[in-house]
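A.B. asks: This is the structure, below, for whatever I ask next.
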C-alpha cells in the first residue's frame with residue numbers, strides 16, 4: 001500500500017525524489033549555461049556585436065560547445081560501477097559539486113586561452129557523466145515497485161525544467177548580471193550547485209538501511225518491495241554476446257545515437273543560431289533569445305507525458321507495442337511536413353521548427369521491453 005504523504009512528515013524516498021529533481025535541474029543548468037553565454041562572449045561582425053571579449057571563430061566555438069560531451073561519454077558506464085562500489089550519494093554528489101566548482105572557473109579559463117576552456121569543459125563532462133547511471137542505481141535501493149514510475153518521473157523532470165529555466169535565466173544574467181554580465185552566468189550556477197550539494201549531504205543516504213531518520217514503517221515498506229536492496233547477492237551474468245548480436249538492440253542504439261546527435265546539437269547551438277542567423281543578439285533581443293531557446297523544452301515536457309499515456313492507451317486497446325512504437329515515431333517525424341512550403345527566413349517559423357523537433361523527439365521511445373532484465377541505459381545514452 002502506498003503511504004500517504006503529509007507536508008510535515010515527508011517520507012525519505014520523496015525527499016530523495018525532490019533533491020534528485022533539483023540536482024538534475026542544476027546538472028542541466030551547468031551543462032547549458034555556456035550555450036547561452038557564448039553568444040555575448042564572442043564578437044560577431046555579422047550582427048554588429050564587435051565589442052565582445054573573444055574572437056573565436058565559428059569552428060572554435062563548435063569545439064568549445066562540444067568539448068563537454070567528450071568527457072560526458074567516457075563516464076557513462078563507469079558511473080554505475082562507481083555507484084555500486086562507493087554509494088550513489090557520494091558519486092552523484094561529487095559529480096555535481098565538482099562540476100559546479102569547475103563552472104566557477106569558466107571565466108578564468110576563457111580568459112587564459114581557447115585550449116584551457118576546452119580542457120575545463122571536458123573535465124566538467126567527465127564528472128557530470130556519472131550522474132544519470134548513479135541515479136538509476138540509487139532508485140534500485142529506494143523505489144518500491146508500486147511507486148517506481150512516480151519517483152523516477154519526479155527525478156527525471158529535472159533535466160527538462162533545468163533547460164526551460166536555464167536559457168532565459170542565463171540570458172537575463174548576461175544582460176543584467178554582476179561581474180560584467182556573462183561571467184555571472186557561471187558564478188550563479190556554480191554557487192547554486194555547491195549549495196545544493198550541502199543539502200544533499202545532509203538529507204540523502206545511500207539506502208533505507210543507513211538512513212538515521214527514516215521511520216521504521218517506511219523502511220519496512222521499501223525493503224519489503226526490494227528485499228535484496230542491502231544484501232550482497234551474486235551478480236547476474238550479463239549476456240554481452242546476445243546483447244551485441246541482437247538486431248533490436250542495434251536498432252535502439254542507432255535510434256538513440258541519432259536522437260542524441262540532433263538533440264544535443266540543438267541544446268548546445270540553438271542560442272548561437274538565433275543570435276548569429278536570426279539576429280536575437282542584444283538587450284531585450286538576447287532575453288528573447290533565451291525565451292525562444294527554452295520554449296521547445298516546454299513542448300517536449302508536455303508531449304513526453306501525453307505520448308506515454310497515449311501509448312499505454314493504445315496498447316490496452318490491443319495494438320502491439322511494435323506498431324505503437326513505429327506509429328508514434330513516424331508521427332513525430334511527420335510533424336515537419338507542416339512546414340514543407342513555409343518561408344524558412346521567418347524567425348518564428350525557424351523557432352517553431354526547432355520546437356516541433358523537440359516534440360517529435362519525445363514520442364516513440366517505447367524501448368523498455370527490450371533487455372528488460374539488464375541495465376543498458378548507459379550503452380544507449
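Glycine is treated like the rest: Cβ placed from N, Cα and C.
TrEMBL entries are annotated by machine, without manual review.
Sequence annotations record features per position, and here TrEMBL assigns domain 'Major facilitator superfamily (MFS) profile' to 15-381. According to TrEMBL, the transmembrane segment annotation covers 21-42, 62-84, 91-110, 116-139, 151-179, 185-205, 248-274, 294-314.
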A.B. asks: Per the 3+ Cβ pairs under 8 Å rule, pairs at least 6 apart in sequence, do the transmembrane segment (248-274) and the transmembrane segment (21-42) touch?
C.D. replies: yes
A.B. asks: In terms of Cβ proximity under 8 Å, which residues at least six beyond the ends of the transmembrane segment (21-42) contact it?
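C.D. replies: 49, 52-56, 61, 64-65, 68, 92, 96, 99-100, 103, 106, 110, 121, 124, 128, 131, 135, 154-159, 161-163, 165-167, 169-171, 174, 181-182, 185-186, 189-190, 192-193, 196, 200, 267-272, 274-276, 281, 286, 289-290, 293.
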A.B. asks: What stretch, picked from 62-84, 91-110, 151-179, 185-205, has the most CB pairs under 8 A with the transmembrane segment (116-139)?
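C.D. replies: It is 62-84, which has the most Cβ pairs under 8 Å.
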A.B. asks: Which one of these stretches, 62-84, 91-110, 151-179, has the most C-beta pairs shorter than 8 Å to the transmembrane segment (185-205)?
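C.D. replies: Ranked by Cβ pairs under 8 Å, first place goes to 91-110.
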A.B. asks: State the residues, same chain only, that lie 6 or more residues beyond the ends of the transmembrane segment (62-84) and have a CB under 8 A from a CB inside it; answer 'none' if no residue qualifies.
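C.D. replies: Here the qualifying positions are 31, 34-35, 38, 56, 91-92, 95, 114, 117-119, 121-134, 136-138, 264, 268-269, 272, 375, 378-379, 381.
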